Amino acid sequence: MAQKCAIGLITAVAASVSLSQSKVAAADGPFTFPPANPQQQAASSPPSTAGEESSAPPPPPRARNDNPRTSSGGFDPEALERGAKALKEINNSSYAKNVFESIKQQEETKQTEFAAKAQEYKAMQAQAETERQKVIYDEHKKLAQHQAQTKSQMARYEDDLARKRMQACNFNHTFRASFLHSKRCCCAENEYHRTRNQELVKMQEDSAIRQEQARRATEEQIQAQRRQTEREKAEIERETIKVKAIAEAEGRAHEARLAEDVNRRMLVDRANAEREKWVAAINTTFDHIGGGLRAILTDQNKLIVAVGGATALAAGIYTTREGAKVIWSYVDRILGQPSLIRESSRGKYPWSGSVSRVMSTLRGKGSAASNGKGFGDVILHPSLQKRIEHLANATANTKSHQAPFRNMLFYGPPGTGKTMAARELARKSGLDYALMTGGDVAPLGSQAVTKIHQLFDWGKKSKRGLLLFIDEADAFLCERNKTYMSEAQRSALNALLFRTGDQSKDIVLALATNRPGDLDSAVADRVDEVLEFPLPGEEERFKLLSLYLEKYIAQAGPRKPGLFDRLFKKEQQKIEIKGVTEELLKEAAAKTEGFSGREIAKLMASVQAAVYGSEDCVLDSVLFREVVDYKVAEHQQRRKLAGTDSK
């Protein structure tokens with residue numbers, strides 16, 4: 001408010017000063033004005049004669065001055081006094097700097113407006129130049145049309161003259177022919193007429209050719225002039241657009257520079273204010289801290305109390321942390337999931353697995369319904385699949401009749417679906433599922449026996465029963481008479497044999513290995529069902545290719561957009577499939593002989609990567625065949641290297 005008042009006072013002072021200067025300039029100019037005082041006017045005028053006095057008109061009445069502060073001439077010195085007083089108040093006020101800064105900003109704003117008007121004037125000049133060039137172009141066009149019309153008229157006139165001459169010539173020849181008709185025979189007369197007719201026809205044709213040539217030349221000249229005029233017009237328009245764009249860019253750059261300067265000054269002022277505030281706060285904080293430390297160090301009782309409180313706080317924090325660790329380890333050991341378990345349908349704690357079991361059950365039903373045969377996404381040989389379904393039904397009935405479970409052994413090449421089959425077996429039989437790896441037992445050392453006992457104790461707590469799947473079982477269940485087997489591994493094997501010595505009603509043991517001959521004889525004796533998982537045949541490979549084509553290609557593009565996609569409007573590109581038919585999949589199934597299910601899944605993942613690497617994100621038969629041939633060659637090279645290593 002103070003700044004606005006100061007600005008108003010300065011404006012009033014400036015107006016008064018300008019008014020006084022204008023009056024002074026008028027007084028100093030070449031014109032003479034009557035003085036403000038009538039007495040001075042009377043004194044300055046020369047004495048007149050008596051005759052002049054009698055003939056001169058009476059003087060005009062004196063103007064009345066109602067404002068005692070002003071003179072009779074109308075000048076008011078009060079404005080100057082108020083202006084001087086306001087300037088003194090502004091100079092003594094704390095807002096003087098802000099007032100002058102505001103005046104400076106107003107002047108800069110006016111300069112910016114003047115520059116913008118200058119740019120507009122330049123643009124108007126460019127537009128006027130464009131209009132002038134357009135008028136010149138129209139005049140040139142009219143002139144060319146007039147010239148073409150004149151030439152056309154001249155050509156018609158010349159053609160009329162030639163036609164008249166031809167008619168006169170025809171008349172003379174006709175007269176001469178009639179004169180000689182009596183002297184010549186009829187045959188010679190006919191020959192003469194025929195010759196003349198041919199000449200006339202030839203002359204008419206030559207005249208028509210000349211007219212056509214003249215017309216074409218005129219049209220070509222008109223077209224050339226029209227093209228030249230269009231090129232000049234386009235050049236003028238380009239220059240106009242260029243000048244206008246340069247003017248607009250210069251105006252925007254000037255405005256940006258002004259705005260940048262203003263923002264920079266504001267940021268500098270704000271940073272200085274923040275720095276001063278933080279420096280003051282830091283100084284105050286250190287002053288308080290220094291005062292407190294001086295008070296503690298000078299007073300022995302306060303020093304003892306401070307040291308004792310800090311010691312007690314540190315001891316309490318350490319005791320609380322260590323006690324929480326001990327309590328949590330006890331709870332985790334009693335209620336938690338064993339560390340050997342890598343994957344399980346049960347939660348880590350009893351209360352955390354209910355939701356996951358419900359979701360897995362729903363997903364299992366959905367996948368079974370989509371497959372049509374009720375065995376999820378597992379593609380196996382029909383005989384093997386039938387046997388696994390029979391085992392699942394038998395296991396479910398065994399659980400309902402409280403009969404002991406039967407242990408299983410899955411063996412075969414890597415990637416043939418042993419783990420997926422065990423998971424589907426547990427789902428269809430209604431059991432919980434837990435997966436561990438034999439390679440995790442050896443690093444435990446002496447703790448392996450304890451962990452195995454904890455694992456079986458945890459499995460017995462399952463109310464539904466547990467299918468314990470041990471992948472790579474030959475890693476710690478191998479023959480005990482081998483020299484490289486450590487004592488801890490033998491103890492772990494003995495612990496597992498002890499827990500599986502009798503038929504269990506709580507745990508189904510499912511072992512998976514690529515080398516069944518390396519298992520210990522006692523372990524093989526505890527296996528009731530042995531299932532071989534061979535490499536998929538051509539029909540199974542065709543089904544796997546169809547399955548993973550649908551999973552990795554057809555369903556890869558559209559998905560529910562996330563928060564990042566909605567914020568940045570990121571479009572999701574869908575893969576388009578062209579020419580990939582069942583015949584092509586059957587051809588690929590024939591080429592991929594010897595592939596496991598995992599290798600086929602990796603092959604389709606490579607197809608997906610190749611599609612995403614293309615420009616148009618389209619999968620066609622050429623790209624599909626190229627990726628299949630590459631992966632087949634890679635598979636053969638890997639088998640060759642494996643054969644070399646075995647040798």
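Quick reminder: no glycine exception, Cβ is built from N, Cα and C everywhere.
Listed in TrEMBL for this protein:
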type     : residues : note
COILED   : 208-242  : coiled coil
COMPBIAS : 42-55    : compositional bias 'Low complexity'
DOMAIN   : 404-537  : domain 'AAA+ ATPase'
REGION   : 27-78    : region 'Disordered'
SIGNAL   : 1-27     : signal peptide
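Helix, strand and coil residue tallies for the domain 'AAA+ ATPase' (404-537), in that order: 58 helix, 29 strand, 47 coil [DSSP].
Here the coiled coil (208-242) has long-range neighbours at 126-127, 129-130, 133-134, 137, 140-141, 144-145, 148, 151-152, 155, 159, meaning same-chain residues at least 6 beyond its ends whose C-beta is under 8 angstroms from one of its own. Computed over the domain 'AAA+ ATPase' (404-537), the whole-number mean pLDDT of the model equals 88.
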